[in-house]
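Notes follow the structure.
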Amino acid sequence: MHFTTVDYVIFVLLLVASAGIGLFYAFSGGRQRTTQEFLMADRSMSCLPVSLSLLATFQSAVAILGAPSEVYAFGTQYWFLGVSYFLGLLIPAHIFIPIFYRLRLSSAYEYLELRFNKTVRICGTATFIFQMVIYMGVVLYAPALALNAVTGFDLWGAVLAMGLVCTLYTALGGLKAVIWTDVFQTVVMFAGQLAVIVVGAGQAGGIAEVWRKATNGSRIAGLDLNPDPLERHTFWTLGVGGVFLMLALYGVNQAQVQRYLSSRTEKEAVMSCYVVFPCQQIVLCMGCLMGLVMFARYGEDSPLVKGYVKTTDQMVLYFVMDVFKELPGLPGLFVACLFSGALSTISSAFNSLATVTMEDLIKPYFPNMTESKATLMSKGLALVYGLVCLAMAYIASLMGSVLQAAFSIFGMVGGPLLGLFCLGIFFPWANPKGAVVGLVAGLAMAFWVGIGSFVMRMSRSSAGPALNTTALPLFDNMTSTALASMVTNPTAKPRPTGVEALYSLSYMWYSAHNSATVVVVGLLVSLLTGPMKEKELTPGTVFPVLGTLLFFLPERYKEKLCCITPLAMKAKDIHTPPYQMAKKDSNGAAFCGEDAAAEDKSQTEEERTLPSCQLTAHIVEETAL
């Protein structure tokens, strides 16, 4: 099974088109001369491209390879992950987006300074950079390795082509180029997957025959309501545990938050979340259908059992080459689809890393930097991260089975970051010390459970029947956790106890478990070290839900917990110009920029005598919920 000339032409066209979009935005419009245009797309994007870009970042090459393999091996139980999409998008749309958008942020971690202090912001930024740098190389290397194993396509040729093209259009075209190439790549992804399903189902005798074979082979799963958190996939692990994974991705991850903030209005940012929902359901159904078509073709006699492929992540490519062997050009289309997923993931990573490095680590220490220098440095950062990505791909090639550990490390970081943001947004009394200690505790717990689980699985596989593990997270490319597709020995195992039970926790609960650790530890430390008072909080950084939930408490306790006055802003009129938000300096004290527009002619004499900072903060509170 090898590529024909037509396949190579289609694959090269994908790379040329992606580079072309980047070059177009590098030499058109404002030509990426300001950081606002380069990093935030001039806050001018409409709903549709933003939503398709959100989807493309979510739908990585890893997911395209992993989801069908999961359904082939275990059945359609995985489809219930779609239930988590509802709350996983509704909560960001109505809680996270309004707060981030109204604060006029560039980096999601800027929020942490406004809510806590600069130390917490730097901790959050450093955690995110660590997370993304590890993941970039793996997401670039994994599909290239699978392609090389099945088709003989040159491994490092594919890695270099993807890495360099991606670096080129991200460094030249900025966020606009990333978003519009994501739109193009989403179309290619849909086309590639649809072609496989249509041709594969036709060769198997039609969709009805595919369904019949899947039913006879026990691949159509019912509703499993088993509440055991150690069970890998049940309705609760997928539908409830999946919500926390979705929140970590769509609520607080810089790559997604940056897209919301590039929208023209808050309403369009919220609408992009709603548009993603049906698109995600379609993508999930396509992944499941491809897995069922694979089962209809091979049954229990899989290419893995026969030794045609070494791991489950290579099965999808083997299937595609097998189905399309008489149809030149279509394998190239699917490979273009696969690498579109990788390109969209990596370009989003480059851009978000350049943004957080610029906004969180460089600008605060060089406040007088000119706009042209800042833009040039941002482009340089995107370029540097591109080269780091290629270096990480080389390191990933040396890791072998440790690839699983790399994915696990990535997943371990998403949960604690979600917990850190939830601590700030929902709990007004949480203080900076609680935030830092909570984040450290969450990361420690995540690494303990994740690495312990990995070691336990490896020791079992060396002691007993061979486990075929693959390092592919199945459903997303930004908050994936631990080991995803796994063909295990079907014999019943005794239920683990003690620490082993913790290590056996379903990977779908990792994000919930780790974020809960951050919140619980953070709240306890905050109460012990002196909870924050209402006057110390920057207006607009807390979502007013706690006061409602604690309605039964006496007023004096509610006052101690800082939840008497709601602190989230409410936009009274969409058409009113945005006002300058109160910000914090390094010692956590609030300060305000000058905002002449905020001074209303109807001010009282007493208001006119107030310092400008107090006055601005007072006006902000007047618009509170």
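Positions of Cβ are set from backbone N, Cα and C atoms, glycine also.
Because TrEMBL annotations are produced automatically, they should be read as predictions rather than curated entries.
Distant neighbours of the transmembrane segment (6-27): 161-162, 165-166, 168-170, 172-174, 176-177, 180-181, 184-185, 188, 328-329, 331-333, 335-336, 339-340, 343; these residues of the same chain sit at least 6 beyond its ends, with a Cβ under 8 Å from one of its Cβ atoms. The feature transmembrane segment is assigned by TrEMBL to 6-27 (among others).
Residues or ranges marked as transmembrane segment by TrEMBL: 47-66 (among others).
According to TrEMBL, the feature transmembrane segment maps to 78-101 (among others).
If you look up TrEMBL, you'll see 122-143 (among others) marked as transmembrane segment.
With a cut-off of 8 Å between Cβ atoms, the residues of this chain six or more beyond the transmembrane segment (155-175) that come close are 15, 18-19, 21-26, 32, 37-41, 140-141, 143-145, 147-148, 181, 258, 262, 339, 342-343, 346-347, 350-351, 379-380, 382-383, 386-387, 389-390, 393. What TrEMBL lists as transmembrane segment is 155-175 (among others).
Marked as transmembrane segment by TrEMBL: 187-208 (among others).
Marked as transmembrane segment by TrEMBL: 233-252 (among others).
TrEMBL lists 333-356 (among others) with the feature transmembrane segment. With a threshold of 8 Å between CB atoms, the same-chain residues lying at least 6 positions outside the transmembrane segment (333-356) that come near it are 3, 7, 10-11, 13-15, 18, 39, 53, 56-57, 59-65, 106-109, 125, 128-129, 132-133, 135-136, 139-140, 143, 147, 151, 153, 158, 162-163, 165-167, 169-171, 174-175, 177-178, 181-182, 184-186, 188-189, 191-193, 195-196, 253-255, 258, 317, 320, 324, 378-379, 381-382, 385-386, 389, 477-478.
Under the heading transmembrane segment, TrEMBL lists 376-396 (among others). When Cβ-Cβ distances below 8 Å are used as the criterion, the transmembrane segment (376-396) is approached by residues 32, 35, 38-39, 133-134, 136-138, 140-142, 144, 159-160, 163-164, 166-167, 170-172, 174, 346, 349-351, 353-355, 357-358, 362, 369, 403, 406 of the same chain, each at least six residues removed from its ends.
Annotation source TrEMBL lists transmembrane segment at 402-427 (among others).
The transmembrane segment feature in TrEMBL is assigned to 434-456 (among others).
The feature transmembrane segment is assigned by TrEMBL to 507-528 (among others).
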Going along the chain, which residues at least six beyond the ends of the transmembrane segment (122-143) come within the CB cut-off of under 8 Å? 60-62, 65, 107, 109, 112, 158-159, 162-163, 253-255, 313, 338-339, 341-342, 345-346, 349, 352-353, 356-357, 360-361, 385, 388-397, 403, 406-407, 409-410, 413-414, 416-417, 420, 436, 439, 443, 471-472, 477-478
Are the transmembrane segment (434-456) and the transmembrane segment (233-252) close, by which I mean at least 3 Cβ pairs under 8 Å that are 6+ residues apart in sequence? no
List, by number or range, the same-chain residues at least 6 past the transmembrane segment (47-66) whose CB is under 8 A from its CB atoms? 139, 142-143, 146, 178-180, 182-183, 185-186, 189, 193, 249-250, 255-256, 259-260, 262-263, 268-269, 271-273, 275-276, 279-280, 283, 287, 313, 316-317, 337-342, 344-345, 348, 470, 472-478, 480, 484-485
